[in-house]
Each structure stands twice: as structure tokens, then as C-alpha cells.
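Enquirer: I'd like to ask you about the structure that follows.
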Amino acid sequence: MLVPPINLHAWVEQHRHLLKPPVGNKCIQQDGFIIMIVGGPNARTDYHYDEGPEWFFQLEGEMVLKVQDDGTARDIPIRAGEIFLLPPKVPHSPQRAAGSIGLVIERERLPHEQDGLQWYCPQCNHKLYEAMFPLENIETDFPPVFDHFYRSLALRTCMQCGHVHPAPERYAAIEA
């Protein structure tokens, strides 16, 4: 059975209250593709690794897509009304401004594919940690990996330069 068209602007207005931290991400359709609306602000320090391409359409406000490009960290600004197709296998970290809203489309993973979350040293860009896993639910599969990384001072300490990757405030008691 065909799903009727979705009025995207009306959907955003009706669900705007859900597009806020800590999650800020709502899947609106999933059938071959994962179609999400994502609101800002966010303060992600991880990089997502996807074996398929990801399509970004910035509806409101702006974002910066931080990417790891041949061992170099660089920023790709995406403003309201702009689209960007991220090629497969490019580690990326979406940084969304307060009040921003974007549409992200990813294809559903093939059975043999793994998603990944990676962290890089903010001082020297050395890879600190990477976890690969089969993605089943983007809203529930990421948090346990975040917890594992942020709760470990050893994982967050750069073996190359000694810098300690900061953890979000809710993990502050771990460092005490």
C-alpha cells in the first residue's frame, strides 16, 4: 500500500517541539531509505561512518558538516535551502545551530554493512576510538556507544599528543 505524501513544512510545525536536544532527531519514513528531520542545536563530537551516501537538505537555519577528508578535518557549511550529497564512507559530524532544521536521507543498510562512530583528537586529529556495529535503529543504537566512549578516560586520551577529549557535562562526575 502506498503511503500518502507528507507535507514537510506542516510536519515540521506539528513536531517542532520534538526536534530539540538531547535527541533532536525524528524518523519520518523508513522503507528502503531512512528519512529524518533533525533539529538543532547539537554538540556532537563524534564522526558517523556510513557505508552508503547521505543526502542533506537544510530547511531552516544553517549547519556545518565536519568531515574527515584524507586525514584532514574540514568544515562544509550548509545553509537554508542548500543540499549536499555526502559520498559513502566519509566520516562526518553534523553541527547544527540553534533553531536549525534539516532533512537527512540515508539508505537502509545492506545486511553485510556496518555503521561506525569515530572520535578524533581535537588538538592533533589523531583517531581516538572507533566502534563498528550493524545499525538497526538510529535513535537507539548510538547512545550506548556514546556512553562507552565518554565514560572512559583512557579512550578519550590521545596516545599521540596526550590531550583529553572533552566529555559532555552529564559525564563530568566520571572525571572527578
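Note that the numbers count up from 1, one per residue, in the order the chain is shown.
Glycine too: its Cβ is placed from the backbone N, Cα and C atoms.
Remember, predicted model here, so these are calculated numbers, not experimental data.
So Swiss-Prot lists the following for this protein:
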{"type": "BINDING", "residues": "R44", "note": "O2 binding site"}
{"type": "BINDING", "residues": "H48, E54, H92", "note": "Fe cation 1 binding site"}
{"type": "BINDING", "residues": "E54, R96, E106", "note": "substrate binding site"}
{"type": "BINDING", "residues": "C121, C124, C158, C161", "note": "Fe cation 2 binding site"}
Enquirer: Taking the Cα atoms as reference points, how far is E106 (substrate binding site) from C158 (Fe cation 2 binding site) in Å?
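Expert: Rounded to the nearest whole number, the Cα-Cα distance is 31 Å.
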Enquirer: Measuring Cα to Cα, how far is C158 (Fe cation 2 binding site) from H92 (Fe cation 1 binding site) in Å?
Expert: 20
Enquirer: Let me know the most crowded of the binding-site residues, choosing from C124, C158, C161 and counting other Cβ atoms within 10 Å.
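Expert: Counting Cβ neighbours within 10 Å, the top one is C158.
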Enquirer: Determine, to the nearest whole angstrom, how far the Cα atom of H48 (Fe cation 1 binding site) is from the Cα atom of C161 (Fe cation 2 binding site).
Expert: 23
Enquirer: Counting across all protein chains shown, how many other Cβ atoms sit within 10 Å of the Cβ of C121 (Fe cation 2 binding site)?
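Expert: 20, counting other Cβ atoms within 10 Å of C121 (Fe cation 2 binding site).
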Enquirer: Find the one among the binding-site residues R44, C121, C124, C161 whose C-alpha lies closest to that of R96 (substrate binding site).
Expert: R44
Enquirer: Rank the binding-site residues R44, H48, H92, R96 by how many other Cβ atoms lie within 10 Å of each Cβ and give me the one with the fewest.
Expert: R44
